[in-house]
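Copied from Swiss-Prot, the annotated features are:
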| type | residues | note |
| --- | --- | --- |
| BINDING | Cys333, His384, His510 | Zn(2+) binding site |
| DOMAIN | 1-61 | domain 'TGS' |
| REGION | 242-533 | region 'Catalytic' |
Amino acid sequence: MPDIKLPDGSIRSYEQAVTVAEVAASIGAGLARAALAGKIGGQLVDTSYLIEQNADLAIITERDAEGLELIRHSTAHLLAYAVKELFPEAQVTIGPVIENGFYYDFAYKRPFTPEDLVAIEKRMAELAKKDIPVSREVWARDDAVKFFLDLGEKYKAELIGAIPADQQVSLYREGDFIDLCRGPHVPTTAKLKVFKLMKVAGAYWRGDHRNEQLQRIYGTAWAKKEDLDAYLHMLEEAEKRDHRRLGKQYDLFHMQDEAPGLVFWHPKGWAIWQEIEGYMRAVYRNNGYQEVRCPQILDKSLWEKSGHWEHYKDNMFTTSSENRDYAVKPMNCPGHVQVFNAGLRSYRELPLRYGEFGSCHRNEPAGALHGLMRVRGFVQDDGHIFCTEDQIESEVTAFNALVKKVYADFGFNDVAVKLALRPDSRVGADDVWDRAEDALRQGLRASGLEWTELPGEGAFYGPKIEFHIRDAIGRSWQCGTMQVDFSMPGRLGAEYVGADDTRKVPVMLHRAILGSLERFIGILIENFAGALPLWLAPVQVVVLNISEKQADYAAEVAQKLHSAGFRAEADLRNEKITYKIREHSLNRLPYQLVVGDKEKADGLVAVRTRGGQDLGQMPVDVLIKRLQEEVVARSGTA
């Protein structure tokens, strides 16, 4: 006779074992209709799950975050069901949930077309409308392998074959379609009402370019139609803001086939870069960091000692010379340990903070490259703090405050914090990971921050705090990180002399605020739709003469602004002033200064803001003071 405790603290008693669906029905007909799954002891289960003992139970509906993930997961299966009905020869592989949706990979003899996607989506809607029950079945592993091989589903059979033979596997059936899955799933296809297929892209089996190429169909699914509409509107807005298009339009950078994943910065784009690097260099200096510079290429043996070779070699570029093997650095941390090791260190020097604008290279798959957002060569505002274990909390707390300040200066005030915990592939003993994870939690508590935890998402050498900024159209971008590492310093021989005159191994904190500068610039371009705030704008002020008679004065004003430290240009073309104003307005320049005969005679400029506001005439010195105040405040221009 199980007693079921509900989230409101009430307890319901039942005379016999009861399913999650039956509990929901006993509470109310509305909840029974809305139930998608249950949550028992923190674990999600199907509504058909039989509760035989006392338990704490929450009924999951579309209002819960877990409910939306269930909808997306189940819609991925619905997609596979529809594809198999329309294209029986297609083989199914995997179909996980991703941010804002899902995808499913298929092996098929020809590319899926846009017309195919329309047909597949239509069939999905038909299957959903049929209200087909979704049920869980438990099979012996070998029986499941044989079943899928008999169906000609070699990929699914391979996945199941990798499971230990003595383990059972769970399969989910809906109508004539059956798929491998841990679950849970929605109880019926009728729960899947709001979805849209987005695109087809290439993928490789198991993510390895040496394997067969597959076709990946992406989709999105939501609980309500208005949520889908809002998401599609956001995508339209994101397309308008695409940094690749704006980068070309505003002459900031380009990329080309001869250097995949590498950036050619144009003068205007490099001006943005230099401004950001200068700002972050001041952040280093003002917060006790010593800037260092380490080699691009290091002997393979060092990467073996650090653990990178074992856990990261597939993402590393390598080269050989004079019978020695080298790797181009994908990360800066081993180099910073070498700087630490170059002298005898004392506990009195700790915490010792190193910062570097470290140029790194990672061999990302060609299909994953995406403008500035995913590159093969990038620079990080990277830093490493060598400290004692009892200094971790204060260092993490100080860093958390610094991150908040930096993001605010760039216009990002909505920051979510996540704690990524130990992955399956890692270095170090579990007790070391326990200490590292607890140290980060303590630092977050001391900062008064709320966070969510991400099991299995940490780096191979340590857990990490992730800082996710939200942009102007609601997208979340993970930028900053703080990681505690008890392993790498010892692996690379880092030591200091403690207060008791014994040699001790320091703790190493890996930290970055912006992350990849390339990616952060891409985020900035899209966040501001190219209209960067004054302090970041590649051209801050343009001076426009009305006629040839004011050309010398316009050039003089531009030079005065330039001498005051501003990125200023003079547009002296023999064009109508309305044409020049319109052109520079389209280029989203923060300020336009118009000079005619009156302005020249009185030593003034007529000032227009990016938003079209007319600030009237003013002396150049007054304008310079205004601009200086705006730059110091890091505020945007209307």
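Any Cβ shown, glycine's included, is placed from N, Cα and C.
Values in this document were obtained by computation on a predicted structure and should not be read as measured data.
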Confidence summary (mean pLDDT) of the domain 'TGS' (1-61): 93
Chain-internal residues, separated by at least six, CB under 8 A from His510 (Zn(2+) binding site): Cys333, Asp382, Gly383, His384, Ala459, Gly462, Lys464, Thr481, Met482, Gln483, Asp485
Remaining residues near the recorded Zn(2+) site, that is with C-beta within 8 Å of the centroid of the site residues Cys333, His384, His510: Met331, Asn332, His336, Val337, Asp382, Gly383, Gln483, Asp485, Met488, Met508, Leu509, Arg511
Residue distribution over DSSP helix, strand and coil in the domain 'TGS' (1-61): 14 helix, 23 strand, 24 coil
Fewest other C-beta atoms within 10 angstroms, as judged across Cys333, His384, which are the binding-site residues: Cys333
Assigned element (helix, strand, coil) containing Cys333 (Zn(2+) binding site), judged by DSSP: helix
Three-state secondary structure, which DSSP defines for His384 (Zn(2+) binding site): strand
DSSP state at His510 (Zn(2+) binding site), helix/strand/coil: strand
